[in-house]
Ligand code: ADP
Ligand code: MG
């Protein structure tokens, strides 16, 4: 806890007038009012931290009063230096100085840059801003356009002026140039520079951020982990004199009122703060912009100094007394400055460890004083946390509000976009209706289905729709009396939830002859019309493309269905083909088994007719050969079919030839066999004595015949089987052929469809590309339209300003005219002859 440092500075006397009653005497750090004879006037004697007499330079003031604060600011403490006093007491001289004796601001800037160069282990970032509070409005002195800025509060930044330009600076020259440009901006458009400067407060602000360069310093929490941010305010206050003395009236009175408000609240705040801790329940910081901005400097976290400048002249004695009273109150204020650090988690941990160590050490000592200090500190911390919590709550509230606003804005924007499209279609409709224009009420009923609140009765009476740029201006226009109750198109739009009224049909107020708007309004109207036309065209194109796209998509879906069906058929056919392909194999297998059986039967028969020379054996051998050949041929044939060789007609004929040949061979074998048998029988009969038994020969002949018959039967059945198989094979082959053909045609069809699908896909992608292009174009047009609307609004705003200015000019002209007239009258009355001569009618 430390007291605010307060000093009084008496400027050299300006007037030649010699005091006749009283004078101010400065002794060491005291100032007292004395009678001219030298006797002090009781009760009017004050002492301060410093009292500077007339001869004191800015250098000394800086050295003794402000230097420590500036150095502390570099170390991370907030700092504020005020200059308080009546107009012409030397506030600006103290803060800005002269070319030979620079003021506090110049010296502070110099000192800061000099000091940060000597600190090698930290890196600094310095930002400056310069503002003015005039008529309770905050204006940015770096940017003329930044006027009427608002004060905000956030956890990170504390209390700050939103939108204020902050410049990052690297050297003294940069700051000085900025200050100079700020001064130029301050007097921009001012006729009386002194009047304004004595009625406004200026705050030059420096934000000093620093961070340790060395990351390795172990154990030191304030090293590279923490960022220090301190704010330094150098304030030149408005003149503290009362309005009565200035004798201001009119506009000046208004200014005076505001200046008094700011200074009055400053006085209140200082009074409350100086009353001591008991009465410090509520400090009215929020009552003025000045106290709100300087809140941390007054009873908060800052090192503060106030220099109260006084004028020594006897005429100013009352003001000087007032200033000294203010100063003595301010002297009692205590602040609690501390280094502002933003800590990272690691730094916080280190710091807490150190704090615990410190507490432990203190506990061991257990001094009551220390404990008391600790309690105080804890209480302070608690208060701080409470404050922070309040801030957080406020921020949350603000954030919620902003969020809501944003959402609303998004909804509005969406509605606007949607309705812009409907505006085009509405435009089309209305143009097609053209000649048969209906009254607004009827129109409203017509559109009842499309919009929720289309009725004019729903719109508040307080608003009158302003003419849009889409319609031409007639000579007579229902110009409203005041612009405050005029809803622009956006507001109208919102009020009517998207309904667009035909503004030309809204001439409900009586026509009044007025000065028409400047002709440059015509150009935006034309361009707006063109835009509208273009928008309509684009919209139509868009619709066409969308239709085309839909058609293509429908076709595409149909093709896909067809494709699916064909694919299903194809798989069925493939299965069938597989089945047919497997058939020869199965036939082959059955042929092989038949062959085995046949061979088996024949071998058995051969073994029974063991005599190889006998005719039966011969016949069997022949049959066996024939059968084997037959089966082998069949096997080969099937194998060929299985391997995918088509049993072409050539092959078939070959096969049939072979078959014929075999049958012939068989027949000839049988005939030869019969012949040989008959010959044998005749021989047997002729050579009967040679034969051992006739009966045997007889029996042998019957057996052979029986065998022959059996064999021929078997052969026939085999042949039949073979023929059947051959037929079946033929059938399968034909079926396979047909399937293959169908498969081929299907495949071709599939290829064609695929190609078609590809081309369709290409068209679709082209269309969507076109669509995006069109969308882009549409957006561009919309943007253009928006800028046009904005331009129109700006123009309207300008016109508004112009008409207000014009009205005030006219009023002042009228008053001058009146004055002039009355003066002429007066002159005429006083000097009738000469006036009449000089002013002929
Ligand atoms: P304020 O800003 O309080 O209205 P100024 O700083 O403009 O007053 O001072 C008014 C005049 O007095 C200026 O011309 C200034 O140069 C002069 N003046 C003020 N204080 C001093 C001083 N200590 N030494 C020399 N001249 C001073
Ligand atoms: Mg001044």
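Using the three backbone atoms N, Cα and C, a Cβ is placed for every residue, glycine included.
Since we're looking at a predicted model, the values are computed, not measured.
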May I ask you to indicate which of 528-576, 577-625, 626-674 is given in TrEMBL as coiled coil? 528-576
For which of the residue intervals 363-391, 392-420, 421-449 does TrEMBL record region 'Disordered'? 421-449
By a simple count, how many Cβ atoms lie within 10 Å of the Cβ of residue 91 (ATP binding site), its own Cβ left out? 29
Filter the binding-site residues 85, 90, 91, 92 down to those with CB closer than 6 A to an atom of ligand 2; keep them in sequence order. 91, 92
Which binding-site residues out of 86, 87, 89, 90, 91, 92 lie by ligand 1, going by a Cβ under 6 Å? 87, 89, 90, 91, 92
Measure the Cβ-based neighbour count of residue 90 (ATP binding site), defined as the other Cβ atoms within 10 Å of its Cβ. 22
Which of these binding-site residues has the least crowded Cβ, counting other Cβ atoms within 10 Å: 86, 87, 89, 92? 92
Apart from the site residues 85, 86, 87, 88, 89, 90, 91, 92, the 8 Å Cβ neighbourhood of the ATP centroid comprises 11, 83, 93, 198, 239, 309, 311
